[in-house]
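Copied over from Swiss-Prot:
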BINDING   Q17, H120, N164, Y309, W417, E424, W425  substrate binding site
ACT_SITE  E165  active site, proton donor
ACT_SITE  E373  active site, nucleophile
Amino acid sequence: MAFPVGFGWAAATAAYQVEGGWDADGKGPCVWDTFTHQGGERVFKNQTGDVACGSYTLWEEDLKCIKQLGLTHYRFSLSWSRLLPDGTTGFINQKGIDYYNKIIDDLLKNGVTPIVTLYHFDLPQALEDQGGWLSEAIIESFDKYAQFCFSTFGDRVKKWITINEANVLSVMSYDLGMFPPGIPHFGTGGYQAAHNLIKAHARSWHSYNSLFRKEQKGMVSLSLFAVWLEPADPNSVSDQEAAKRAITFHLDLFAKPIFIDGDYPEIVKSQIASMSQKQGYPSSRLPEFTEEEKKMIKGTADFFAVQYYTTRLIKYQENKKGELGILQDAEIEFFPDPSWKNVDWIYVVPWGVRKLLKYIKDTYNNPVIYITENGFPQSDPAPLDDTQRWEYFRQTFQELFKAIQLDKVNLQVYCAWSLLDNFEWNQGYSSRFGLFHVDFEDPARPRVPYTSAKEYAKVIRNNGLEAHL
């Protein structure tokens, strides 16, 4: 089961989740610093990323893990407030530049291609104080930050992700309020944030295109989270339509403007407009793009970056009471099949990734696809022999192989989440996704490979699984 020659095998991390050094060497506070320091049990046991894996001082240890796996690519994110403490280029923190220069240079010296995310949920607190992603002013702030990163690191970094999981960020931070700033705006905030995230991404892509691409010759995209959504009853027309609506609200709301035509899907526009009208709003709760904005947004990604973990079943759920919320706008409910095995929210459904990749190929004109995250957690305490977890990866690789060989999907890179056990947002350190175990009780934060790491290293060496289909 050999993968195509030159296939990229990677692992991923994100700044707030691994670095620690939350106020070291001039770093400014980010929204997760503020959110976790406020307590209130919004994060498991009020844990914080103040130290996390200590990667800010232990990069050499991370590099050893990367080399041990034999990764061809490594995906990590830049901390916006480590580079620009107040989020603007008014003050630039040289120590932050030095840290990321060392990571990039060490990777390249070791034949590893960096995939760099500009922004992975950790907005500078100074910008959140000015309205964050609910304010249109953020578009220019993000563009200036992106240009700063392109000009500082782009001579060596050729693969960029502007915004990590924009579709998760908009809902979790500004609709449900489960991520910072922690204030829910049901049925309104998520759409407002999405609108600004899409425009900020597009602006920064154009900046790269016009100012840096000719010289640097890199690629820029954003990453989107996608659960595969299957009709609960495949024979029910209403469930089939609900599943289509679900994927449209979940993925296409972001992907269609960027990859196809600069505008939201029709079903999203009509559902939200109709619900808004019933609820007495003077206009739709979904903002509209101007014709000029549509032109600016269309075609602003050089590859399709998607993050897949699991699958859900979908059925039609009429919004009789006119409740506010994204699920209510889509008129769906989702749930797992009771026969699926799971840890936390991740149910083992390997065939979902193949269906998702085929959907992206068919809907988005057969783009180059990177899976920028995929993984399976263990609950804490986690055994080092994680043979069961490796089974999730093994079955996933079988499905990726089928997608490439049988469906002719143009998948070029796979990133396992994560290189290290780390701070998993609201779950704190209770959910361990690492290929390497990290002892969070030990100040030295030793990294020890799980069985999965050893097995993944074999896959990378062989460029695929040894077994047949």
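Cβ coordinates come from backbone N, Cα and C, glycine included.
Predicted, not measured: the structure shown is a model, and the values here were computed from it.
Structural mapping of features recorded in Swiss-Prot.
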| residue | record | DSSP class |
| --- | --- | --- |
| Q17 | substrate binding site | helix |
| H120 | substrate binding site | coil |
| N164 | substrate binding site | coil |
| Y309 | substrate binding site | coil |
| E373 | active site, nucleophile | strand |
| W417 | substrate binding site | strand |
| E424 | substrate binding site | coil |
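Looking only at Cα atoms, E373 (active site, nucleophile) sits nearest to Y309 among the binding-site residues Q17, H120, Y309, E424, W425. The C-beta environment of Q17 (substrate binding site), restricted to residues of the same chain at least 6 apart in sequence and closer than 8 Å, consists of G49, A52, C53, H120, S418, N422, F423, E424, W425. The Cβ of E424 has fewer other Cβ atoms within 10 Å than any other of the recorded positions E165, E373, E424.
Summarising the substrate site geometry, the residues cited as binding it (Q17, H120, N164, Y309, W417, E424, W425) extend over a maximum Cα to Cα distance of 18 Å. Listed in sequence order, the residues A14, F121, E165, E373, S418, N422, F433 complete the 8 Å Cβ shell around the substrate site centroid, once Q17, H120, N164, Y309, W417, E424, W425 themselves are left out.
Highest Cβ count within 10 Å among the binding-site residues Y309, W425: Y309. The C-beta environment of W417 (substrate binding site), restricted to residues of the same chain at least 6 apart in sequence and closer than 8 Å, consists of A11, A12, Q307, Y309, E373, N374, G375, F433. The Cβ of H120 (substrate binding site) has 23 other Cβ atoms within 10 Å, all protein chains considered.
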